[in-house]
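What follows is one structure encoded as C-alpha coordinates, with my remarks underneath.
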Ligand SMILES: C[S@@+](CC[C@H](N)C(=O)[O-])C[C@H]1O[C@@H](n2cnc3c(N)ncnc32)[C@H](O)[C@@H]1O
(Lines of atoms letter the chains of each structure in order from A and count residues from 1; the text may use other names and numbers.)
(Lines give C-alpha, C1' and ligand atoms only; values in the text may rest on other atoms or scores of the structure.)
Protein backbone atom coordinates (compact mmCIF):
# COMPACT_ATOMS: atom_id res chain seq x y z
CA UNK A 1 0.00 0.00 0.00
CA UNK A 2 2.96 2.23 0.66
CA UNK A 3 3.36 2.49 -3.12
CA UNK A 4 0.15 4.49 -3.45
CA UNK A 5 0.69 6.71 -0.41
CA UNK A 6 4.27 7.47 -1.45
CA UNK A 7 3.09 8.26 -4.99
CA UNK A 8 0.42 10.67 -3.71
CA UNK A 9 2.87 12.32 -1.31
CA UNK A 10 5.23 13.01 -4.22
CA UNK A 11 2.47 14.17 -6.54
CA UNK A 12 1.18 16.69 -4.03
CA UNK A 13 4.53 17.91 -2.63
CA UNK A 14 5.70 21.39 -3.66
CA UNK A 15 8.35 21.34 -6.38
CA UNK A 16 11.92 21.34 -5.16
CA UNK A 17 13.49 21.89 -8.61
CA UNK A 18 14.91 19.28 -10.96
CA UNK A 19 12.79 16.94 -13.06
CA UNK A 20 9.89 15.09 -11.48
CA UNK A 21 11.72 11.82 -12.10
CA UNK A 22 14.90 13.03 -10.42
CA UNK A 23 12.83 14.29 -7.48
CA UNK A 24 11.32 10.83 -7.05
CA UNK A 25 14.72 9.18 -7.23
CA UNK A 26 16.21 11.55 -4.70
CA UNK A 27 13.21 11.44 -2.31
CA UNK A 28 13.82 10.39 1.28
CA UNK A 29 11.92 7.82 3.36
CA UNK A 30 10.16 6.13 0.49
CA UNK A 31 8.81 2.73 1.32
CA UNK A 32 8.16 1.70 -2.28
CA UNK A 33 10.83 1.63 -4.98
CA UNK A 34 11.26 4.89 -6.96
CA UNK A 35 11.04 2.93 -10.23
CA UNK A 36 7.66 1.47 -9.21
CA UNK A 37 6.33 4.84 -8.10
CA UNK A 38 7.48 6.55 -11.29
CA UNK A 39 5.97 3.80 -13.47
CA UNK A 40 2.63 3.98 -11.62
CA UNK A 41 2.37 7.78 -11.92
CA UNK A 42 3.40 7.81 -15.57
CA UNK A 43 0.93 5.11 -16.57
CA UNK A 44 -1.95 6.49 -14.49
CA UNK A 45 -1.42 9.96 -15.96
CA UNK A 46 -2.06 8.57 -19.45
CA UNK A 47 -5.44 7.30 -18.32
CA UNK A 48 -6.44 10.10 -15.93
CA UNK A 49 -9.36 11.46 -17.95
CA UNK A 50 -11.12 8.16 -18.36
CA UNK A 51 -10.34 7.00 -14.81
CA UNK A 52 -11.74 10.20 -13.35
CA UNK A 53 -14.89 9.71 -15.40
CA UNK A 54 -15.22 6.11 -14.17
CA UNK A 55 -14.64 7.09 -10.52
CA UNK A 56 -17.13 9.94 -10.72
CA UNK A 57 -19.82 7.83 -12.39
CA UNK A 58 -19.29 4.96 -9.93
CA UNK A 59 -19.44 7.63 -7.21
CA UNK A 60 -16.92 5.86 -5.01
CA UNK A 61 -15.44 9.01 -3.47
CA UNK A 62 -18.76 9.77 -1.84
CA UNK A 63 -19.08 6.24 -0.62
CA UNK A 64 -15.55 5.60 0.57
CA UNK A 65 -14.31 8.13 3.09
CA UNK A 66 -10.82 6.64 3.12
CA UNK A 67 -10.21 7.55 -0.52
CA UNK A 68 -8.89 10.87 -1.78
CA UNK A 69 -9.09 11.84 -5.48
CA UNK A 70 -5.37 11.14 -6.04
CA UNK A 71 -5.46 7.88 -4.17
CA UNK A 72 -8.63 6.74 -5.94
CA UNK A 73 -7.14 7.51 -9.36
CA UNK A 74 -3.98 5.48 -8.71
CA UNK A 75 -5.79 2.57 -7.07
CA UNK A 76 -8.50 2.37 -9.71
CA UNK A 77 -5.78 2.47 -12.37
CA UNK A 78 -4.14 -0.63 -10.95
CA UNK A 79 -7.46 -2.32 -10.20
CA UNK A 80 -8.68 -1.95 -13.80
CA UNK A 81 -5.50 -1.88 -15.83
CA UNK A 82 -2.59 -3.49 -14.04
CA UNK A 83 -2.01 -7.20 -14.69
CA UNK A 84 -1.59 -7.89 -10.97
CA UNK A 85 -4.26 -5.53 -9.69
CA UNK A 86 -3.75 -3.36 -6.61
CA UNK A 87 -0.35 -3.95 -5.01
CA UNK A 88 -1.61 -4.50 -1.45
CA UNK A 89 -2.80 -7.39 0.71
CA UNK A 90 -6.37 -8.43 -0.13
CA UNK A 91 -7.55 -7.48 3.36
CA UNK A 92 -6.10 -3.96 3.30
CA UNK A 93 -8.95 -1.47 3.91
CA UNK A 94 -7.89 0.81 1.07
CA UNK A 95 -7.80 -2.06 -1.40
CA UNK A 96 -11.18 -3.18 -0.17
CA UNK A 97 -12.52 0.36 -0.53
CA UNK A 98 -11.98 -0.01 -4.28
CA UNK A 99 -12.68 -3.70 -4.78
CA UNK A 100 -16.04 -3.43 -3.00
CA UNK A 101 -17.17 -1.53 -6.11
CA UNK A 102 -15.58 -3.75 -8.72
CA UNK A 103 -18.79 -4.41 -10.65
CA UNK A 104 -19.67 -0.71 -10.88
CA UNK A 105 -16.12 0.24 -11.81
CA UNK A 106 -15.95 -2.41 -14.50
CA UNK A 107 -19.35 -1.40 -15.91
CA UNK A 108 -18.40 2.30 -15.97
CA UNK A 109 -15.06 1.49 -17.62
CA UNK A 110 -16.86 -0.51 -20.34
CA UNK A 111 -19.31 2.36 -20.84
CA UNK A 112 -16.43 4.82 -21.18
CA UNK A 113 -14.85 2.61 -23.85
CA UNK A 114 -18.11 2.11 -25.78
CA UNK A 115 -18.91 5.84 -25.60
CA UNK A 116 -15.67 6.46 -27.48
CA UNK A 117 -16.42 3.76 -30.07
CA UNK A 118 -13.42 1.67 -29.08
CA UNK A 119 -13.42 -2.10 -29.45
CA UNK A 120 -10.45 -2.74 -27.20
CA UNK A 121 -8.61 -1.28 -24.25
CA UNK A 122 -5.64 -0.51 -26.55
CA UNK A 123 -7.89 1.55 -28.81
CA UNK A 124 -9.33 3.28 -25.78
CA UNK A 125 -5.81 4.21 -24.69
CA UNK A 126 -5.09 5.81 -28.08
CA UNK A 127 -8.43 7.64 -27.96
CA UNK A 128 -7.80 8.94 -24.45
CA UNK A 129 -4.31 10.15 -25.34
CA UNK A 130 -5.78 11.95 -28.33
CA UNK A 131 -8.44 13.56 -26.10
CA UNK A 132 -5.71 14.67 -23.75
CA UNK A 133 -3.74 16.22 -26.55
CA UNK A 134 -6.81 17.97 -27.92
CA UNK A 135 -7.47 19.36 -24.44
CA UNK A 136 -3.95 20.67 -23.92
CA UNK A 137 -3.56 22.04 -27.44
CA UNK A 138 -0.91 19.58 -28.64
CA UNK A 139 -3.20 17.54 -30.90
CA UNK A 140 -1.27 18.39 -34.06
CA UNK A 141 2.11 17.41 -32.71
CA UNK A 142 3.39 14.18 -34.10
CA UNK A 143 5.84 12.38 -31.90
CA UNK A 144 6.65 9.19 -33.71
CA UNK A 145 8.85 6.36 -32.57
CA UNK A 146 12.17 6.68 -34.39
CA UNK A 147 13.96 3.48 -35.35
CA UNK A 148 17.55 3.43 -36.58
CA UNK A 149 18.75 0.50 -38.68
CA UNK A 150 22.07 -0.90 -37.46
CA UNK A 151 24.29 -1.51 -40.49
CA UNK A 152 26.63 -3.76 -38.54
CA UNK A 153 23.95 -6.42 -38.31
CA UNK A 154 21.52 -5.69 -41.12
CA UNK A 155 20.47 -3.18 -43.77
CA UNK A 156 17.47 -0.93 -44.40
CA UNK A 157 16.37 -3.11 -47.33
CA UNK A 158 16.45 -6.25 -45.20
CA UNK A 159 14.45 -4.59 -42.40
CA UNK A 160 11.83 -3.31 -44.86
CA UNK A 161 11.49 -6.89 -46.08
CA UNK A 162 11.25 -8.41 -42.60
CA UNK A 163 10.47 -6.36 -39.47
CA UNK A 164 8.48 -3.75 -41.40
CA UNK A 165 7.03 -6.02 -44.12
CA UNK A 166 3.44 -5.32 -43.03
CA UNK A 167 3.98 -1.56 -42.79
CA UNK A 168 2.56 0.80 -45.34
CA UNK A 169 4.86 3.64 -46.44
CA UNK A 170 3.56 7.20 -45.98
CA UNK A 171 5.07 10.31 -47.56
CA UNK A 172 4.84 12.65 -44.60
CA UNK A 173 5.45 12.41 -40.91
CA UNK A 174 1.90 13.64 -40.32
CA UNK A 175 0.68 10.62 -42.26
CA UNK A 176 1.68 8.47 -39.29
CA UNK A 177 -0.69 10.27 -36.96
CA UNK A 178 -3.98 9.54 -38.69
CA UNK A 179 -4.73 6.32 -36.84
CA UNK A 180 -4.62 7.98 -33.50
CA UNK A 181 -7.78 9.93 -34.16
CA UNK A 182 -9.69 6.95 -35.46
CA UNK A 183 -11.99 5.72 -32.73
CA UNK A 184 -13.96 3.43 -35.04
CA UNK A 185 -12.68 0.23 -33.52
CA UNK A 186 -10.68 -0.78 -36.62
CA UNK A 187 -7.25 -2.20 -35.91
CA UNK A 188 -4.84 0.57 -36.93
CA UNK A 189 -2.77 -0.14 -40.02
CA UNK A 190 0.95 0.00 -39.29
CA UNK A 191 2.61 2.86 -41.13
CA UNK A 192 6.19 3.82 -41.78
CA UNK A 193 7.96 6.98 -42.89
CA UNK A 194 11.50 6.96 -44.31
CA UNK A 195 13.35 9.89 -42.86
CA UNK A 196 14.68 12.28 -45.52
CA UNK A 197 17.52 13.70 -43.42
CA UNK A 198 19.21 10.75 -41.70
CA UNK A 199 20.09 7.65 -43.72
CA UNK A 200 18.69 4.35 -42.40
CA UNK A 201 16.24 6.01 -40.02
CA UNK A 202 12.50 5.31 -40.07
CA UNK A 203 9.57 6.67 -38.10
CA UNK A 204 6.52 4.64 -37.05
CA UNK A 205 3.54 5.62 -34.87
CA UNK A 206 4.50 6.20 -31.27
CA UNK A 207 2.55 3.25 -29.89
CA UNK A 208 4.59 0.71 -31.90
CA UNK A 209 6.41 -1.62 -29.54
CA UNK A 210 9.46 -3.45 -30.83
CA UNK A 211 10.89 -4.61 -27.55
CA UNK A 212 9.67 -8.18 -28.13
CA UNK A 213 10.78 -8.27 -31.80
CA UNK A 214 13.72 -10.38 -32.97
CA UNK A 215 15.27 -7.40 -34.74
CA UNK A 216 15.32 -5.40 -31.51
CA UNK A 217 16.58 -8.26 -29.38
CA UNK A 218 19.36 -8.96 -31.91
CA UNK A 219 20.46 -5.35 -32.08
CA UNK A 220 19.43 -5.02 -35.74
CA UNK A 221 17.25 -2.02 -34.95
CA UNK A 222 17.92 0.62 -32.31
CA UNK A 223 15.28 2.94 -30.90
CA UNK A 224 16.94 6.33 -31.16
CA UNK A 225 15.40 9.76 -31.61
CA UNK A 226 16.10 11.49 -34.89
CA UNK A 227 17.86 14.49 -33.33
CA UNK A 228 20.19 12.16 -31.47
CA UNK A 229 21.29 10.78 -34.88
CA UNK A 230 22.55 14.20 -36.07
CA UNK A 231 25.98 14.15 -34.33
CA UNK A 232 27.39 10.88 -35.73
CA UNK A 233 26.06 11.70 -39.20
CA UNK A 234 27.50 15.24 -39.05
CA UNK A 235 30.87 13.80 -38.02
CA UNK A 236 31.14 10.95 -40.54
CA UNK A 237 28.89 12.18 -43.32
CA UNK A 238 27.97 10.44 -46.57
CA UNK A 239 31.46 9.31 -47.46
CA UNK A 240 30.53 5.94 -48.96
CA UNK A 241 33.00 3.12 -49.48
CA UNK A 242 35.00 5.08 -52.07
CA UNK A 243 36.01 7.76 -49.59
CA UNK A 244 35.72 6.17 -46.15
CA UNK A 245 36.59 7.90 -42.91
CA UNK A 246 40.25 7.53 -41.93
CA UNK A 247 41.58 7.54 -38.39
CA UNK A 248 40.16 6.63 -35.00
CA UNK A 249 37.25 8.23 -33.17
CA UNK A 250 36.48 9.27 -29.61
CA UNK A 251 33.02 9.50 -28.05
CA UNK A 252 33.85 11.43 -24.88
CA UNK A 253 30.46 11.39 -23.05
CA UNK A 254 28.98 8.23 -24.43
CA UNK A 255 26.55 6.42 -22.11
CA UNK A 256 24.07 4.92 -22.76
CA UNK A 257 25.68 4.53 -26.18
CA UNK A 258 23.28 5.68 -28.89
CA UNK A 259 25.80 7.87 -30.66
CA UNK A 260 28.71 5.44 -30.25
CA UNK A 261 26.72 2.64 -31.87
CA UNK A 262 25.57 5.03 -34.58
CA UNK A 263 29.21 5.92 -35.33
CA UNK A 264 30.01 2.20 -35.54
CA UNK A 265 27.04 1.62 -37.85
CA UNK A 266 28.10 4.43 -40.21
CA UNK A 267 31.69 3.15 -40.24
CA UNK A 268 30.47 -0.38 -41.05
CA UNK A 269 28.68 1.01 -44.10
CA UNK A 270 31.78 2.86 -45.32
CA UNK A 271 34.38 0.27 -44.46
CA UNK A 272 36.38 -1.27 -47.28
CA UNK A 273 37.39 -4.90 -46.84
CA UNK A 274 41.14 -4.22 -47.09
CA UNK A 275 41.04 -1.19 -44.83
CA UNK A 276 42.72 -1.15 -41.41
CA UNK A 277 39.84 -1.37 -38.93
CA UNK A 278 38.88 1.86 -37.17
CA UNK A 279 38.79 2.15 -33.46
CA UNK A 280 36.24 4.07 -31.47
CA UNK A 281 37.25 4.96 -27.91
CA UNK A 282 34.00 5.35 -26.06
CA UNK A 283 33.87 6.52 -22.47
CA UNK A 284 31.65 7.81 -19.72
CA UNK A 285 32.59 9.30 -16.36
CA UNK A 286 29.87 7.27 -14.68
CA UNK A 287 30.88 3.66 -13.99
CA UNK A 288 27.26 2.60 -13.65
CA UNK A 289 26.27 4.14 -16.95
CA UNK A 290 29.39 2.68 -18.59
CA UNK A 291 27.92 -0.78 -17.95
CA UNK A 292 24.88 0.16 -20.02
CA UNK A 293 27.21 1.56 -22.66
CA UNK A 294 29.15 -1.71 -22.86
CA UNK A 295 25.91 -3.71 -23.10
CA UNK A 296 24.62 -1.52 -25.90
CA UNK A 297 27.91 -1.80 -27.82
CA UNK A 298 27.84 -5.61 -27.55
CA UNK A 299 24.18 -5.82 -28.55
CA UNK A 300 24.92 -3.70 -31.62
CA UNK A 301 27.74 -6.09 -32.60
CA UNK A 302 30.29 -3.28 -32.31
CA UNK A 303 32.74 -4.91 -29.86
CA UNK A 304 35.47 -5.23 -32.46
CA UNK A 305 35.39 -1.55 -33.29
CA UNK A 306 34.55 0.03 -29.94
CA UNK A 307 36.80 0.10 -26.88
CA UNK A 308 34.79 1.16 -23.84
CA UNK A 309 36.76 3.03 -21.15
CA UNK A 310 34.45 2.66 -18.13
CA UNK A 311 34.35 5.49 -15.61
CA UNK A 312 36.77 7.57 -17.68
CA UNK A 313 36.49 11.34 -17.27
CA UNK A 314 37.06 12.75 -20.75
CA UNK A 315 38.75 15.80 -19.27
CA UNK A 316 41.34 13.50 -17.70
CA UNK A 317 42.14 11.83 -21.02
CA UNK A 318 45.63 12.74 -22.22
CA UNK A 319 45.35 14.07 -25.78
CA UNK A 320 48.99 13.22 -26.49
CA UNK A 321 48.80 9.67 -25.20
CA UNK A 322 50.18 7.52 -28.07
CA UNK A 323 47.06 5.33 -28.10
CA UNK A 324 45.08 8.37 -29.29
CA UNK A 325 47.56 9.56 -31.90
CA UNK A 326 45.36 8.38 -34.78
CA UNK A 327 42.21 9.99 -33.41
CA UNK A 328 40.88 12.27 -36.13
CA UNK A 329 37.26 12.78 -35.00
CA UNK A 330 35.65 13.37 -31.61
CA UNK A 331 31.96 13.44 -30.69
CA UNK A 332 31.01 15.34 -27.52
CA UNK A 333 27.50 15.13 -26.15
CA UNK A 334 28.02 16.19 -22.53
CA UNK A 335 25.52 16.54 -19.71
CA UNK A 336 23.20 19.49 -20.18
CA UNK A 337 20.06 20.99 -18.68
CA UNK A 338 17.91 18.60 -20.74
CA UNK A 339 15.51 21.49 -21.33
CA UNK A 340 14.69 20.22 -24.82
CA UNK A 341 13.49 16.85 -23.61
CA UNK A 342 9.75 16.51 -23.97
CA UNK A 343 7.58 15.30 -21.17
CA UNK A 344 10.34 14.91 -18.64
CA UNK A 345 10.29 18.17 -16.86
CA UNK A 346 7.55 18.31 -14.29
CA UNK A 347 4.81 16.72 -12.27
CA UNK A 348 2.09 15.23 -14.50
CA UNK A 349 -1.00 17.44 -14.39
CA UNK A 350 -3.63 14.87 -13.51
CA UNK A 351 -7.31 15.32 -14.23
CA UNK A 352 -8.74 14.30 -10.87
CA UNK A 353 -12.20 12.91 -10.14
CA UNK A 354 -14.60 15.26 -8.39
CA UNK A 355 -16.76 13.91 -5.60
CA UNK A 356 -19.93 15.63 -6.67
CA UNK A 357 -21.84 13.25 -8.87
CA UNK A 358 -25.08 11.34 -8.46
CA UNK A 359 -25.80 10.93 -4.73
CA UNK A 360 -23.33 13.57 -3.70
CA UNK A 361 -24.60 16.20 -6.16
CA UNK A 362 -26.61 18.40 -3.79
CA UNK A 363 -23.73 18.82 -1.41
CA UNK A 364 -21.02 18.71 -4.06
CA UNK A 365 -19.01 21.73 -3.11
CA UNK A 366 -18.93 20.83 0.51
CA UNK A 367 -17.98 17.30 -0.29
CA UNK A 368 -15.33 18.44 -2.68
CA UNK A 369 -13.84 20.65 0.01
CA UNK A 370 -13.89 17.81 2.43
CA UNK A 371 -12.27 15.52 -0.09
CA UNK A 372 -9.53 18.07 -0.63
CA UNK A 373 -8.97 18.40 3.09
CA UNK A 374 -8.87 14.66 3.40
CA UNK A 375 -6.25 14.53 0.67
CA UNK A 376 -3.46 15.89 2.76
CA UNK A 377 -4.66 14.41 6.00
CA UNK A 378 -4.80 10.84 4.81
CA UNK A 379 -1.88 10.87 2.44
CA UNK A 380 0.59 12.65 4.63
CA UNK A 381 -0.30 10.42 7.55
CA UNK A 382 0.43 7.33 5.51
CA UNK A 383 3.68 8.32 3.81
CA UNK A 384 6.81 9.79 5.32
CA UNK A 385 8.29 10.47 1.91
CA UNK A 386 9.93 13.85 1.46
CA UNK A 387 11.00 15.14 -1.88
CA UNK A 388 14.74 15.44 -2.37
CA UNK A 389 16.53 18.27 -4.13
CA UNK A 390 18.34 16.66 -7.03
CA UNK A 391 21.86 17.94 -7.61
CA UNK A 392 23.53 17.99 -10.98
CA UNK A 393 26.92 16.36 -11.28
CA UNK A 394 29.21 15.55 -14.14
CA UNK A 395 27.87 12.04 -14.08
CA UNK A 396 24.20 12.87 -14.47
CA UNK A 397 22.97 12.12 -17.96
CA UNK A 398 21.27 15.43 -18.01
CA UNK A 399 20.28 17.85 -15.36
CA UNK A 400 16.64 18.44 -16.15
CA UNK A 401 15.35 21.61 -14.53
CA UNK A 402 11.80 22.77 -14.12
CA UNK A 403 10.42 25.62 -16.25
CA UNK A 404 12.25 28.43 -14.47
CA UNK A 405 15.89 28.85 -15.35
CA UNK A 406 18.42 28.67 -12.60
CA UNK A 407 21.00 30.89 -14.22
CA UNK A 408 23.77 29.75 -11.92
CA UNK A 409 23.19 26.13 -12.80
CA UNK A 410 23.12 26.87 -16.52
CA UNK A 411 26.33 28.87 -16.22
CA UNK A 412 28.06 25.97 -14.47
CA UNK A 413 26.87 23.54 -17.09
CA UNK A 414 27.99 25.76 -19.94
CA UNK A 415 31.44 26.22 -18.35
CA UNK A 416 31.83 22.45 -18.22
CA UNK A 417 30.53 22.02 -21.76
CA UNK A 418 33.00 24.59 -23.14
CA UNK A 419 35.88 22.93 -21.26
CA UNK A 420 34.96 19.56 -22.72
CA UNK A 421 34.87 20.84 -26.31
CA UNK A 422 38.11 22.80 -25.88
CA UNK A 423 39.76 19.65 -24.52
CA UNK A 424 38.67 17.80 -27.67
CA UNK A 425 40.21 20.45 -29.91
CA UNK A 426 43.56 19.74 -28.22
CA UNK A 427 43.91 16.24 -29.74
CA UNK A 428 46.84 16.64 -32.08
CA UNK A 429 45.47 14.59 -34.99
CA UNK A 430 41.86 15.77 -34.70
CA UNK A 431 40.29 17.41 -37.73
CA UNK A 432 36.57 17.03 -36.92
CA UNK A 433 34.74 17.56 -33.61
CA UNK A 434 30.99 17.70 -32.95
CA UNK A 435 29.28 19.26 -29.96
CA UNK A 436 25.65 18.58 -29.09
CA UNK A 437 23.10 19.04 -26.30
CA UNK A 438 19.43 18.35 -25.76
CA UNK A 439 19.00 21.84 -24.34
CA UNK A 440 17.07 24.71 -25.89
CA UNK A 441 19.07 27.44 -24.12
CA UNK A 442 21.47 29.66 -26.05
CA UNK A 443 23.83 29.72 -23.07
CA UNK A 444 24.47 25.96 -23.49
CA UNK A 445 24.51 26.03 -27.27
CA UNK A 446 25.47 28.96 -29.51
CA UNK A 447 27.15 30.70 -26.56
CA UNK A 448 29.36 27.65 -25.94
CA UNK A 449 30.23 27.60 -29.65
CA UNK A 450 31.17 31.31 -29.52
CA UNK A 451 33.37 30.75 -26.46
CA UNK A 452 35.06 27.75 -27.98
CA UNK A 453 35.79 29.58 -31.26
CA UNK A 454 37.36 32.42 -29.28
CA UNK A 455 39.48 30.07 -27.14
CA UNK A 456 43.22 29.82 -27.45
CA UNK A 457 43.16 26.17 -28.45
CA UNK A 458 40.73 26.87 -31.32
CA UNK A 459 42.60 29.94 -32.51
CA UNK A 460 46.01 28.28 -32.42
CA UNK A 461 44.79 25.04 -33.93
CA UNK A 462 43.01 26.73 -36.85
CA UNK A 463 39.56 25.43 -35.88
CA UNK A 464 36.40 26.85 -37.46
CA UNK A 465 32.78 25.78 -37.81
CA UNK A 466 31.73 23.20 -40.40
CA UNK A 467 29.70 25.40 -42.76
CA UNK A 468 26.20 24.46 -43.88
CA UNK A 469 27.35 23.90 -47.48
CA UNK A 470 29.97 21.43 -46.22
CA UNK A 471 27.54 19.38 -44.14
CA UNK A 472 26.29 15.94 -45.21
CA UNK A 473 23.45 16.16 -47.68
CA UNK A 474 20.59 15.33 -45.28
CA UNK A 475 21.74 17.88 -42.71
CA UNK A 476 22.49 20.58 -45.26
CA UNK A 477 18.78 20.41 -46.11
CA UNK A 478 17.76 20.78 -42.45
CA UNK A 479 16.25 24.25 -42.19
CA UNK A 480 16.32 24.94 -38.44
CA UNK A 481 19.52 26.79 -37.67
CA UNK A 482 21.27 28.57 -34.81
CA UNK A 483 19.75 31.55 -33.00
CA UNK A 484 21.28 34.57 -31.28
CA UNK A 485 18.80 34.79 -28.45
CA UNK A 486 16.55 32.53 -26.45
CA UNK A 487 13.06 32.32 -27.87
CA UNK A 488 10.44 34.26 -25.99
CA UNK A 489 8.86 32.31 -23.16
CA UNK A 490 11.87 30.05 -22.74
CA UNK A 491 13.42 32.08 -19.99
CA UNK A 492 11.84 33.09 -16.75
CA UNK A 493 10.90 36.79 -17.03
CA UNK A 494 11.70 37.22 -13.34
CA UNK A 495 15.25 36.14 -14.07
CA UNK A 496 16.26 38.22 -17.04
CA UNK A 497 19.84 37.24 -16.31
CA UNK A 498 18.73 33.79 -17.57
CA UNK A 499 18.66 34.95 -21.17
CA UNK A 500 21.94 35.23 -23.03
CA UNK A 501 22.51 36.71 -26.47
CA UNK A 502 25.46 35.78 -28.66
CA UNK A 503 27.30 37.81 -31.19
CA UNK A 504 27.96 35.19 -33.87
CA UNK A 505 27.96 36.11 -37.57
CA UNK A 506 25.16 34.81 -39.82
CA UNK A 507 27.39 32.16 -41.39
CA UNK A 508 28.20 30.73 -37.96
CA UNK A 509 24.51 30.56 -37.04
CA UNK A 510 23.83 28.84 -40.35
CA UNK A 511 26.44 26.27 -39.41
CA UNK A 512 24.61 25.39 -36.17
CA UNK A 513 21.63 23.02 -36.32
CA UNK A 514 18.63 23.25 -34.04
CA UNK A 515 15.59 21.10 -33.31
CA UNK A 516 12.61 22.58 -31.45
CA UNK A 517 9.98 20.81 -29.39
CA UNK A 518 6.37 21.21 -30.49
CA UNK A 519 6.86 21.89 -34.19
CA UNK A 520 5.94 19.67 -37.15
CA UNK A 521 9.30 17.82 -37.13
CA UNK A 522 8.25 15.49 -34.30
CA UNK A 523 11.39 16.04 -32.21
CA UNK A 524 12.45 17.44 -28.88
CA UNK A 525 14.83 20.38 -28.49
CA UNK A 526 18.37 19.65 -29.67
CA UNK A 527 21.49 21.55 -30.74
CA UNK A 528 24.49 20.47 -32.76
CA UNK A 529 27.55 22.13 -34.29
CA UNK A 530 30.62 20.72 -36.01
CA UNK A 531 34.17 22.10 -35.74
CA UNK A 532 36.81 21.39 -38.40
CA UNK A 533 40.33 22.34 -39.22
CA UNK A 534 42.35 21.73 -42.30
CA UNK A 535 44.94 18.99 -41.87
CA UNK A 536 47.80 21.44 -42.07
CA UNK A 537 46.29 23.11 -39.00
CA UNK A 538 46.61 19.83 -37.16
CA UNK A 539 50.07 18.78 -36.01
CA UNK A 540 51.52 16.35 -38.58
CA UNK A 541 50.45 12.92 -37.46
CA UNK A 542 51.45 10.79 -40.40
CA UNK A 543 47.99 9.17 -40.40
CA UNK A 544 47.21 7.50 -43.70
CA UNK A 545 44.42 5.17 -44.58
CA UNK A 546 45.02 1.70 -46.01
CA UNK A 547 45.28 3.07 -49.54
CA UNK A 548 48.10 5.36 -48.52
CA UNK A 549 45.92 8.46 -49.03
CA UNK A 550 46.29 11.38 -46.64
CA UNK A 551 43.91 11.17 -43.75
CA UNK A 552 42.06 14.38 -44.60
CA UNK A 553 39.43 13.68 -47.20
CA UNK A 554 37.89 17.10 -47.43
CA UNK A 555 34.36 17.72 -46.33
CA UNK A 556 31.97 14.90 -46.69
CA UNK A 557 29.51 14.70 -49.51
C1 LIG B 1 23.67 13.36 -22.63
S2 LIG B 1 24.46 12.01 -21.95
C3 LIG B 1 25.22 11.23 -23.32
C4 LIG B 1 24.27 10.46 -24.17
C5 LIG B 1 25.03 9.63 -25.21
N6 LIG B 1 25.87 10.46 -26.03
C7 LIG B 1 24.11 8.83 -26.09
O8 LIG B 1 23.84 9.25 -27.21
O9 LIG B 1 23.65 7.77 -25.69
C10 LIG B 1 25.83 12.74 -21.16
C11 LIG B 1 26.79 11.74 -20.54
O12 LIG B 1 28.01 12.42 -20.29
C13 LIG B 1 28.61 11.84 -19.18
N14 LIG B 1 29.64 12.80 -18.72
C15 LIG B 1 29.46 14.02 -18.20
N16 LIG B 1 30.66 14.62 -17.97
C17 LIG B 1 31.61 13.75 -18.39
C18 LIG B 1 33.03 13.78 -18.45
N19 LIG B 1 33.72 14.83 -18.01
N20 LIG B 1 33.67 12.71 -18.97
C21 LIG B 1 32.98 11.63 -19.41
N22 LIG B 1 31.65 11.55 -19.37
C23 LIG B 1 30.96 12.59 -18.88
C24 LIG B 1 27.47 11.60 -18.24
O25 LIG B 1 27.77 10.59 -17.30
C26 LIG B 1 26.37 11.18 -19.20
O27 LIG B 1 26.28 9.78 -19.28
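In case you wondered, yes, glycine gets a Cβ from its N, Cα and C as well.
Automatic prediction, not curation, is the source of TrEMBL annotations.
What you are looking at is a predicted structure, and each value in this text was computed from that prediction instead of being measured.
The active site, nucleophile feature in TrEMBL is assigned to 438. The S-adenosyl-L-methionine binding site annotation in TrEMBL covers 253, 254, 255, 256, 257, 258, 259, 284, 313, 333. What TrEMBL lists as compositional bias 'Polar residues' is 352-362. Residues or ranges marked as domain 'SAM-dependent MTase RsmB/NOP-type' in TrEMBL: 135-534. Among the features that TrEMBL reports, region 'Disordered' is placed at 342-406.
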Who sits close to residue 259 (S-adenosyl-L-methionine binding site): which same-chain residues at least 6 apart have their Cβ under 8 Å from its Cβ?
228, 231, 232, 251, 331, 333
Under 8 Å by Cβ from residue 257 (S-adenosyl-L-methionine binding site), counting only residues of that chain that are 6 or more apart
282, 292, 293, 295, 296, 297, 300
Within the domain 'SAM-dependent MTase RsmB/NOP-type' (135-534), what mean pLDDT does the predicted structure show?
84
Output the one of 253, 255, 438 that, of all these recorded positions, has the highest number of other Cβ atoms within 10 Å of its Cβ.
438
Among 253, 254, 255, 256, 257, 258, 259, 284, 313, 333, the record's S-adenosyl-L-methionine-binding residues, the widest C-alpha separation in angstrom comes to 18
In the three-state scheme derived from DSSP, which category covers residue 438 (active site, nucleophile)?
coil
Quick check for the class: what is the C-alpha distance, in angstrom and rounded, between residue 255 (S-adenosyl-L-methionine binding site) and residue 438 (active site, nucleophile)?
14
